[in-house]
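Here is what TrEMBL says about this protein:
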type     : residues : note
REGION   : 1-60     : region 'Disordered'
COMPBIAS : 11-23    : compositional bias 'Basic and acidic residues'
COMPBIAS : 24-40    : compositional bias 'Acidic residues'
TRANSMEM : 121-143  : transmembrane segment
DOMAIN   : 126-302  : domain 'Amino acid permease/ SLC12A'
TRANSMEM : 155-178  : transmembrane segment
TRANSMEM : 199-220  : transmembrane segment
TRANSMEM : 253-272  : transmembrane segment
TRANSMEM : 279-302  : transmembrane segment
DOMAIN   : 415-697  : domain 'Amino acid permease/ SLC12A'
TRANSMEM : 418-438  : transmembrane segment
TRANSMEM : 458-484  : transmembrane segment
TRANSMEM : 504-522  : transmembrane segment
TRANSMEM : 558-576  : transmembrane segment
TRANSMEM : 582-604  : transmembrane segment
TRANSMEM : 616-640  : transmembrane segment
DOMAIN   : 711-829  : domain 'SLC12A transporter C-terminal'
DOMAIN   : 839-950  : domain 'SLC12A transporter C-terminal'
């Protein structure tokens, strides 16, 4: 491809003349105006050169006319040392949003600075920030103790478990991050756009809490280094008794931690540019500390450092108040006692009463760091867990037990300050592998984010995993076990244990870890408010909207105050070992949902899922998700339950109160796939009788303004359904869709509003048809999808059909009834529906009366039962009325009906009403009689179940055919006749007189619905 460059002669007049000859407009104030606009428009970085951007400020400068300036792309093809040093000098660990706020503070002139195009590559933009965020306080303050307590093998298991979790999460995160641009918000943005606002908000807030508590942990680490290793005399609270030392230390941590938090919050509030300027210092401290550790390990091969540990028997002694590890010493041939003697005895004299264990055991001096060649690695291979207050002892030294150990707490032994076990160490160690999101949070600053994020993040995790694994092995191979288990270095005069190994001086690690913890704390206090601000500005959590505001430059002031308040909670806990598992829970939950988001998107195969990072698989994401869940409960099952409860509460709050967002998330796609699968399964077989419930199609009418005519019909539907099953609200507009398009949409919107007001959960379907009859027919036939179809039609009784001059109104109603019967659907007609109770009414007393004349399989029994499930009808009673002829046995019929209700598990009063033959509807009697005949016949034939169903269908078909013949013979086009006459009724009764009426009634009521 040809290389594009611009040759810029010094003589402007020649250039202007040339451009005028080519017919171009010349601007004397800006020679290369078009090039500037193009560079700004297409995102190509501008070269800060007078030859390219020649503005008014540059006119007075003189340049060598023989030089030619090239665009920056060609400059980058030849990297120079000066370019690398310039990038290191301008290194920042802040996200894009923080830098924009910093630049906004500096813009005091009338013109804003031009927006800079992304400049950072993989090394500066992703690798180093991830490295700085991952390596931190746990490495310097707790890793040696973890190795000594868990042993090398179990420590390697902890490291591999946690690093595998973050590596799998990084693979999933790389796939999500390379599927599009990740702006400010990082993990929150990835999860919310992949799993929806509910999951995004819940996990985003959990990640925010994790980042905030991480700030607490780093501040506590800073104060622990300050008070324990740098200036121990600065402690405000000093324990007068031995048992009060722990409380005094915690109180000092609270006081100094609060002051440190206030100072850091002020620094962040004043301006992130000060944090930015110190970023390189903090990074250098981390790297130099790591190098000092490896240098010290290499030095132990040739010359191990001299850090002796004083042992009494096999017990480790605190080396604070004595200089010599001796009970007595000879001075001028005179045996005198040492300071150690005075610690265990009641006086300095040789005849003083001493501790039994002190009398029975010798004092020995062992080397705390024997070196790589010492073979101490075999002793440190296995774990040494113990309860709170257990003495740190060596198994390799002899010991004579003492009789009374009640006074040991007052002796200068080294004790366990907490009860140690494997799962606790997992929770304490896991924060040391967090920080993998630092690269994805900065995608807006990267030159090629889709290339830099996967490579930089995975390389950073691989590098830190190598560092952790080698440190575990090297610590176990170089340092004595009792010194490893001495958490605060009391046996080596209060030195940092990892510092005793480093070269050239322990102060390298002490100072380096101090500034590293300070920097990490500042980063947490800088990043957490911006994460909260991103969540608040999305508007998915209403009560957080106030935290989306800040200073004029966008600095999140209110979010910073909330972050400092939550961070203070962690500082009041005051124990690094207690705070670490808390933030482990929140980070693990965030990583869990990152893996879930990747797995869901991969399995759904959505068209938009096209990440440039190809080395991912849904199985790896599920493995990472399972590992995160397992680590949550391994670390602390009660913290895990609390974290999941917090996330669940936030999820439900956003679901009910949050703003509706449509981000094309994977959960919606998952719901569509689940719905499709369920519909296909429902289509395979008809529903069983036990699962039958009314799936209602509500035929609703609207007025001329597309307003709902009978909203109480929706109230009745809500009371009947109680949110269960399928509800379809249908409406028909007369006309053509081309002319009624706007009215149909308006009617649909009004119906949905009425459904929302009446709390009717279902679907709305508005059909435009040439006439109402065809429209209702289409709805009855085609509403629903697959197995989710209606089986019941609910409509209102036509109120004005008597007064209407148009016979079409009652004809439409009758045809709708016929259509419903033809499709074998149940039909519910609500008369005087506007008088029905609303959802806010509560019927304190009353009855629901059912006139059970036609045997319908139990449908009439089911309706009042369903109504009574709703709170409107809950206190009403149910009464069943049935009709008997004068010559029937009414008492036996009542007993049979009560038994039938008993088997149906329904509570209702039963009433039998005796009526004369001419009072009973001929149509009703015909229907009931046909049911009785079918029941008697099938029982007498003693057929199998399949044969009974086939025979019943034949009887039904014959009866339907006979009705059709009668309709053709007796019914005119405008008249509707019953298919049963009084003459036929008497003929049928005389023909069936030999049948026992009581037996027939009993069979009728014993039929299954």
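The backbone N, Cα and C atoms fix where each Cβ goes, glycine too.
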Region pair the transmembrane segment (616-640) / the transmembrane segment (504-522), three or more CB pairs under 8 Å: no
Ranked first among 418-438, 458-484, 504-522, 558-576 for CB pairs under 8 angstroms with the transmembrane segment (582-604): 418-438
Long-range neighbours of the transmembrane segment (504-522), counting only residues six or more past its ends (CB under 8 A): 93, 132-133, 135-137, 140-141, 214-215, 218-219, 221-222, 225-226, 229-230, 260, 264, 267-268, 275, 278-279, 281-283, 285-286, 288-289, 292-293, 295, 495-496, 498
Same-chain residue ranges lying at least 6 outside the transmembrane segment (458-484) that approach it to Cβ under 8 Å: 126-127, 130-131, 134-135, 139, 143-145, 147-149, 151-152, 155-156, 159-160, 163, 166-167, 170-171, 174, 290, 293, 297, 300, 304, 307, 309, 311, 316, 366-372, 374, 376-377, 379-381, 384, 392-394, 414, 432-433, 436, 439, 491-492, 497-498, 500-501
Close approaches to the transmembrane segment (558-576) from elsewhere in its chain (Cβ under 8 angstroms; 6 or more beyond its ends): 137, 141-142, 209, 212-213, 215-217, 219-221, 224, 250-251, 253-254, 257-258, 261-262, 265, 268-269, 524-525, 528-530, 532-533, 536, 546-550, 582
For the domain 'SLC12A transporter C-terminal' (839-950), the mean pLDDT of the predicted model: 75
